[in-house]
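Enquirer: According to TrEMBL:
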- 14-35: transmembrane segment (TRANSMEM)
- 133-152: transmembrane segment (TRANSMEM)
- 276-302: transmembrane segment (TRANSMEM)
- 314-335: transmembrane segment (TRANSMEM)
- 398-416: transmembrane segment (TRANSMEM)
- 428-449: transmembrane segment (TRANSMEM)
- 461-478: transmembrane segment (TRANSMEM)
- 490-512: transmembrane segment (TRANSMEM)
C-alpha cells in the first residue's frame, strides 16, 4: 500500500512505471515496419548514425519501401545505404500486411532476419523524400541506438529494435519531466501521453516521437512559468536537470547559465535567466523537429508580464525566443531546399512553389477544402487519435475509444488548482494557437500531398493532434466544477493499467495470434 500511495502521490512515477513496462513490450510486439512511415524513418536514422546529416539528391536507380519498390534513373532523395536494410524491410512485408490486416507475422522469418548480416559495403540508393527534410535531431535517439548497434555488427533487424528502444527511452524521460514540472493537469498529461496511438508511436522508430515529447515538455514549462506561484525545491529539480543538460551542450567558449541561479520565485517573483534559457532551448528544439508545430512557440504569450522587470523586457524576451527558433528553422529549410521534390509520383508533377502559386490564385479554395475535409473525415480523425495504431488499420474497440474520450473530458473539466485560474485572454491565445496549428498542418498537406482536383485535403491523420492535444483540453480548465479529484486517482490508475493491457492484447492479436 505504501508503494501504491507513493506512486499516486507523484503521478509522474505512475507514468514512468506504465510507459517503461508497456512501452518496452510494445517495441518487441509491434511488427517491424508497421508504424506509419517506419521504413523511411529506419533509413534516415541509419543515415544519421553514420554522421550523414543531410540527405542526398541524385538521378539514380533507387529503391523505396511504401512508395515504389524500384525506380530506374529517377531523381531520388535519400542516400546510399546497405542493401540489407531494404531486404529486411521487404521480407517483413509491412506494406502487404497493411493491405491485409488479417495477415500475421511469421516468427520463423523474424528469427531468420536476426542473423542477416548488415554487409555495409553492399549499398543501394534508398528513397525517403518525405523524411529527408527533417532536422537531424528528430532521429537522434534512433540514430544513437543504431550507432551503438553497428559497433557490435548486429543485423539490420536488431538495429531496428535498438533504435526503437532508444526512441522510447528518450520520450519517456522527456514526458516524465513534463508531468513533473506542470503545475496542474498532471493526470491529464499522463492520459494524453498514454493514448494507444501516442505510446505506439513512442515504441517505434517514428520521428514524431521526440516532437510529441518536446511539445508536452515545452507546454509544461510554459504553464509552470505562467501560473505557478513558486517553484518549490522538489519541483525545481526538473528545471535544474534541463538547465544543466542544456548548458553542457553549449560550446565551451560561450558563457553558461549557472544552474545554481535562483530558481525559486514566490508571489510573482521575476522569471530567472535559467528559465528563459530553458524556454528558448525547448522552443528551438521543437521548431527544428517539425515546422508544422511552430505555432506552439507562441504559447509563451500566456506568461504574465508581471514575471518580467518591465513590459519592454517582456516583449523583447518572448519575441527573441520565437524569432530565434523560426530563424533556425528557416536556415535549415534553406540548406535543404534542393531536396524538395514531389512526394507522390501518382499526383501532378508540381513543386511546392508551384502549388503555393496555385493557392495564391485561389485562396478561398483552401477554406472550402478544409471545411469539406472536417465534415467528411472529422470523426475518423478523432477515432484515429483515440484508438488508431500502425498504419491506422489497427484499431482499439469502439467502446474503449468512447470511454477514453469521456475520461479525458472528465479529467480536463474537473481537475483544477484553487490558486490557478486561466483568464479569458489566455484561453483566447490558446485557442488561436491550436486553430492556427491545425490550419497550418492542413495547408502543408495541401501543398505537398493533395491531388489538385481532390474535394478534400489528403494525408491528415489523428496522430497529428498529439502535440497540440494539451492546448485543446486547456480550454476546458475552469474553477466552477468543484470535485475532489484525489478520490478518483486510484481508479484512474487502474483504468490506465487496464487500457495498456487491452492495447497489448490488441497488438498481439493483430500481429502474431492466428
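Cβ coordinates are placed from backbone N, Cα and C, and glycine is handled just like the others.
TrEMBL entries are annotated by machine, without manual review.
Map the listed features onto the structure and describe their local environment.
Expert: Long-range contacts of the transmembrane segment (14-35) within the same chain, counting only residues at least 6 positions beyond its ends with a Cβ under 8 Å from a Cβ of the stretch, are 7-8, 41-42, 65, 88-89, 92, 94, 97-98, 105, 110, 113, 157, 160-161, 164-165, 168, 171-172, 175-176, 179, 190, 193-194, 199-206, 390-391, 493, 496-497, 500, 503-504, 507-508, 511-512.
Panel annotation: around the transmembrane segment (398-416), residues 184-185, 187-188, 191-192, 195, 382-383, 386-387, 473-474, 476-479, 481, 483, 485, 492, 495, 499, 502 of the same chain, lying at least six beyond its termini, place a Cβ under 8 Å from a Cβ of the stretch.
Long-range neighbours of the transmembrane segment (490-512) within the same chain, counting only residues 6 or more positions beyond its ends whose Cβ lies under 8 Å from a Cβ of the stretch, are 4, 7-8, 14, 18, 21-22, 25-26, 29-31, 34, 97, 101, 104-105, 107, 187, 190-191, 194, 196, 199-200, 389-390, 394, 396-397, 400, 404, 407, 411.
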Enquirer: For the transmembrane segment (461-478), what are the same-chain contacts with Cβ under 8 Å, counting residues 6+ beyond its ends?
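Expert: Tertiary neighbours of the transmembrane segment (461-478) are 36, 184-185, 188-189, 192, 195, 197-198, 201, 208, 211-212, 215-216, 219, 290, 292-293, 296, 299, 380-386, 388, 392, 408-409, 412-413, 415-416, 422, 427, 430-431, 433-434, 437-438, 441.
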